[in-house]
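Annotated in Swiss-Prot:
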- 39, 41, 58, 60, 117: GTP binding site (BINDING)
């Protein structure tokens, strides 16, 4: 990604629609490489013994500070990125890419976002190798999984082009 992007206000609803399958049992994640987006989801996965290769968090839940997730990440390599609400900053995109590269070399990595991590679901779908699973939280619904494949990437890229403008 070459530019910082801003979410178009009239596309916010479309971007927040469920993009995968609601997780009824964490067993579906067995033997999968996981990239998690969100503090609660990451904490739930770690608490159940499923360690995401990459975790993207902002140390908040429902916009309230909650630093407890950080205590689960003691053996993760930590990267920090700025990503204000309603944006997709190039810096954050590149940190997600770096975290994936680190994980492919055998070390788990976390991106701690100064701002908001929600929209980093886009690089979490577009950047990992096929076969990974991106897991995120859908408020009022639960955890959602997106299998990373060509179709998921194309849908994410199309929505990215439709819903964002360079800033």
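The backbone N, Cα and C atoms fix where each Cβ goes, glycine too.
From a predicted model like this one, the values you see are computed outputs, not experimental measurements.
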| task | Could you check what DSSP calls residue 41 (GTP binding site) once collapsed to helix, strand or coil? | result | helix
| remark: Apart from the site residues 39, 41, 58, 60, 117, the 8 Å Cβ neighbourhood of the GTP centroid comprises 37, 38, 40, 42, 56, 57, 59, 61, 69, 113, 118
| field | Neighbour count (Cβ, 10 Å) for residue 117 (GTP binding site) | value | 28
| field | Proximal but sequence-remote residues of the same chain as residue 60 (GTP binding site) (Cβ under 8 Å, at least 6 apart) | value | 39, 66, 116
| query | Hey, does DSSP put residue 117 (GTP binding site) in a helix, a strand, or just coil? | reply | coil
